[in-house]
Amino acid sequence: LQGIFVLGLPYALLHSGYSGLFLLILAAALCCYTGKILIACLYEENEDGQLTRVRDTYEDIANTCCKNLSPELGGILVNVTQVVELIMTCILYLVVSGNLLSHSFPYIPLTEKTWYVIAFVTLLPCVFIKTLKMVSKLSQLCSLVHFIIILVVMTYCLTQIHKWSWAKFRLSIGFEEFLVSVGVIIFSYTSQIFLPTLEGNMKNPGEFRCMLNWTHFFACVLKTTFALTAFLTWGEETKEVITENLPSFLQTIVNLCLLTKALLSYPLPFFAATEIVYSCISRGNHSNYRSPIFALGVRGSFLLLTLLMATFIPHFVLLTGLTGSVTGAVMTFLLPSLFHLKLKWKKLCFLEKCADTSVFILGFLCSLTGIVCSIKGLLEVFG
């Protein structure tokens, strides 16, 4: 919940004004709610009226809901959406890495695309990652670096408190820019694809709802505090990635920390995406699809795909907004509410049905309008 994309939140506030602060809180509440109803879909009551876990994954829930149409249709839909979100996340890490390298070494006469290639080369060992053991170690280091970055930025912003002014907040905002900001904010909270596995591995799954409440509460407080202090410090001059606003003596240090974090963050979504694709392909009895060479080819292809996409779409916030609108809204709002209504309709009270329906409609509108505006923004950049 506290990923590198928190660095785009001050820029989102620039284009969403006071409504952005409200959205940061609303998104946390809605994501917490949809996380709970998604986990509720894993359980059914047995003959004694006790809840029993009868499903294990997001894919299992989707297959159950779509079994009348096709036994595997729901799972395919969820897997495709998950892979798109994970790959887009990898692309974002690569874009950030290239941008950071470019700003950290401005005296080296290389284009930004060349820096993408350099970052790509450092990520080549990812094709040899076969288990989560190595990924978990990298993620631990990543978390440590993340808190160092946030501490440095927040400390500098607090030294500039004499410059803060609420007048920097917009009362009137552009509709299209606002919708892109919505996508950025949603994407910063997305975690639903990991929740079934997380809940299934908890020592006491009964504490899941309490855990979700507290983590989303603290994530909301941290994100809102960080975005607010950074925006009040720089106002209209707020950049897409907030660390670009730091003075030069801090910028190089923070950028190198960010570069380390981005590169350490890349293996987790990359590993998850390639594992989904590889497991789907190798489900049959085709022994060729289960060979180590084929697995290496799948990982290598995905790695190359992220480089090509990063080269063609090198815009951090627009890409974050598009990802949040397309996959974030679908996995976080649309599918959990739809599946909950489908599986629990007879047991839900009127208010619960209204809540699920409202979340579904809100997610659909955010997704549709966000996609249109983000794509339009990207087309204008290329035009």
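Each Cβ is built from the backbone N, Cα and C atoms, and glycine gets one as well.
Predicted automatically and left uncurated, TrEMBL annotations should be read as such.
Look at TrEMBL and you will find 2-375 tagged as domain 'Amino acid transporter transmembrane'.
According to TrEMBL, the feature transmembrane segment maps to 20-43 (among others).
As annotated by TrEMBL, transmembrane segment applies to 76-95 (among others).
Per TrEMBL, the feature transmembrane segment maps to 115-132 (among others). Long-range contacts of the transmembrane segment (115-132) within the same chain, counting only residues at least 6 positions beyond its ends with a Cβ under 8 Å from a Cβ of the stretch, are 94-95, 97-99, 101-102, 259, 263, 266-267, 270-271, 295-296, 299-300, 303, 306-307, 310-311, 314.
Annotation source TrEMBL lists transmembrane segment at 144-166 (among others).
As annotated by TrEMBL, transmembrane segment applies to 178-198 (among others).
Long-range Cβ contacts of the transmembrane segment (210-233) within its own chain (Cβ-Cβ under 8 Å, at least 6 residues beyond either end) map to 1-2, 6, 9-10, 12-14, 20-21, 24-25, 28-29, 31-32, 35-36, 150, 153-154, 156-158, 160, 163-166, 168-169, 188-189, 202, 242, 245. Per TrEMBL, transmembrane segment is recorded for 210-233 (among others).
Within the same chain, residues 3-4, 7, 79, 82-83, 86-87, 89-90, 93-94, 96-97, 100-101, 103-104, 119, 122-123, 126, 129, 132, 134-135, 138-139, 141-142, 145-146, 148-149, 152-153, 241, 243, 246, 289, 295, 298-299, 302-303, 306 sit at least 6 positions outside the transmembrane segment (253-281) and bring their C-beta atoms closer than 8 Å to a C-beta of that stretch. Annotated transmembrane segment per TrEMBL: 253-281 (among others), in sequence order.
Sequence-distant contacts of the transmembrane segment (293-313) (same chain, at least 6 residues past either end, Cβ-Cβ under 8 Å): 87, 90-91, 94-95, 98, 113, 116-117, 120, 123-124, 126-130, 270, 273-274, 277-278, 281-282, 319, 378. As annotated by TrEMBL, transmembrane segment applies to 293-313 (among others).
Sequence annotations record features per position, and here TrEMBL assigns transmembrane segment to 319-339 (among others).
As annotated by TrEMBL, transmembrane segment applies to 359-379 (among others).
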### Query
Residues of the same chain, at least six outside the transmembrane segment (20-43), with any C-beta under 8 angstroms of its C-beta?
9, 12-13, 51-56, 58, 60-61, 181-182, 185-186, 188-192, 195-196, 199-200, 208-209, 212-213, 216-217, 219-220, 223-224, 227-228, 332-333, 336-337, 339-340, 343-344, 355-356, 359, 362
